[in-house]
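Quick look at what Swiss-Prot lists:
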- D81, D123, K124, E491: Mg(2+) binding site (BINDING)
- C122, C195: [2Fe-2S] cluster binding site (BINDING)
- K124: N6-carboxylysine (MOD_RES)
- S517: active site, proton acceptor (ACT_SITE)
Amino acid sequence: MPAYRSRTTTHGRNMAGARGLWRATGMKDSDFGKPIIAVVNSFTQFVPGHVHLKDLGQLVAREIEAAGGVAKEFNTIAVDDGIAMGHDGMLYSLPSRELIADSVEYMVNAHCADAMVCISNCDKITPGMLMAAMRLNIPAVFVSGGPMEAGKVVLKGKTHAVDLIDAMVAAADSAMSDEDVQTMERSACPTCGSCSGMFTANSMNCLTEALGLSLPGNGSVLATHSDRKRLFVEAGHTIVDLARRYYEGDDASVLPRNIANFKAFENAMTLDIAMGGSTNTVLHLLAAAREAELDFSMKDIDRLSRRVPCLSKIAPSVSDVHMEDVHRAGGIMAILGELDRAGLLDTSCTTVHSETLGAALARWDIRQSNSESVRTFFRAAPGGVPSQTAFSQDRRYDELDLDREKGVIRDAAHAFSKDGGLAVLYGNIALDGCIVKTAGVDASILTFSGPVKVFESQDDAVSAILTNKIVAGDVVVIRYEGPRGGPGMQEMLYPTSYLKSKGLGKACALITDGRFSGGTSGLSIGHVSPEAAEGGLIGLVRDGDRISIDIPNRTISLDVSEAELAKRGEEERARGEAAWTPKDRKRNVSAALQAYAMLTTSAANGAVRDVKRRFGKN
């Protein structure tokens, strides 16, 4: 039977000093035999998805104490990708994921915590904490701050549901008046919470449900709704139970690596494909799987993408459906239920709250459940009042959305498409693969071929789009923005949003070794691997070349002869130390970012650090 990790600091004569320090934090003699639970919070006033978390850590802590544990809270950093977008601040977003994972490891291992509750929400925070949970492999429960309510705006006498992306597109549209743009801006983000569509933050919080590490509703119940309080309360009780089961009952099934095993990662990716989640989730699932020492790869994602249908389209794939609508249709448990009925899930996987995923679906899938409390839970509605306060309203819809033929969530027989919402493409320009969010691609451009216009920074591409140098039929290539080449693998939300504002969202393609915001839609192909800075073929593309894209057949190719590419490769290598770097780009790269660039791997490997490779170890 494993001993509580915390005994290292709470037992024995030689730990008198450590116990003295624990006592100074408020612990008493009776506490030294209890599990010490880390409450990993991520409150910050910089991020709307985290601005309401300040008191929620202590809410969880009180419940842990009531259940017989000792709670100790600490905080991680949190970057707002939307505020960091469009300038060099975005270089720091993805690297912050590694810092978050490390900071959790440092605090938990330094103080020998026995288990943890991870209070996350936005883009890199949930993935960073997930990586830490898989790395540490101690009992863990995830609970997010929840999505914000969708904005509502009246334009020309008609009410529209809007979000951050709508405001960005409107601002770049010269046909929109300043007054209308300001109205959109003021309406786009009305409450606290993660941005209201199926962007990266909400995608990841939904995936923790499929992985079995969070409670039902974690990904969909609104930040402002009183029902979300129950998730925080239950997280406190649940983690103490899991800790006791492991340390006192010798039950290793409750550990993250045994819950989120290979089959659970397949379930999560299946959900991701079915709901058209953010392409960033591919990076994060690969990174978390690596921490869990699982051989889960792009090949597995490709395999799953060929058999999983698209069962839901949510903003940004469509403009009028947001997370509040997904919740009304039964949330993530409803999508998982439809996938199960289609034979696409392994429901034998365990969860932190149920013996198996199958048992969880029997209770929480609204097409199976007879529980009135479950149905009431999924009727939680937006309050429609601007608020930065958690649990500030308790409004409910009169009815659930149970329409599986034309509703927000479809069954497999009425899927939006037989192909899922994410796809992996391969070809000479992406030997290790690249990612496209097919749920956001118009059917008319699933196959596309056009002349290339090459840019070696996001800024140059944006300038070209806004000055009308990009025309219908063009393939925009932005390179040297990968994990190493950026460094930091910037999101390309501004270029894709500006293409929309110019009426080119269905007339152009954008290809990059960088990545895209969860708010991106259109023919946007990212994570091209190997990246230009690693000698990838994308580094040899020139203006006027043609690139052909065939999503149904999962191919992408640079239509240039092998002989010409060999010649270009020789010319590039002849640049010596400057080879495989941008020719004219001026960018200040800090020592912190240089360190990330030295250690990072390809997007095809999750853009994680590989210290062994750096120092020549096997």
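Glycine is treated like the rest: Cβ placed from N, Cα and C.
If you compare Cα positions, E491 (Mg(2+) binding site) sits closest to S517 out of the recorded positions C122, C195, S517.
Annotation for the binding-site residues C122, C195: lowest Cβ count within 10 Å of the residue's own Cβ, C122. The Mg(2+) site, placed at the center of the C-beta atoms of D81, D123, K124, E491, has further neighbours from the same chain whose C-beta lies within 8 angstroms: V79, A84, M90, S93, L94, C122, T200, A201, N280, S517, G518. Following the DSSP three-state reduction, the secondary structure of D81 (Mg(2+) binding site) is helix. The secondary structure of C122 ([2Fe-2S] cluster binding site), as reduced to three states from DSSP, is coil rather than helix or strand. When the Cα atoms are compared, the residue listed as 'active site, proton acceptor' and D81 (Mg(2+) binding site) turn out to be 8 Å apart. For the pair formed by C122 ([2Fe-2S] cluster binding site) and D81 (Mg(2+) binding site), distance between Cα atoms is given as 9 Å, rounded to the nearest Å. Sequence-distant contacts of D123 (Mg(2+) binding site), defined by Cβ-Cβ distance under 8 angstroms and a gap of at least six in the same chain, are V79, D81, S93, F199, T200, A201, M204, N280, G518. Just so you know, of the recorded positions D81, K124, E491, S517, the Cβ with the fewest other Cβ atoms around it within 10 Å is the one at D81.
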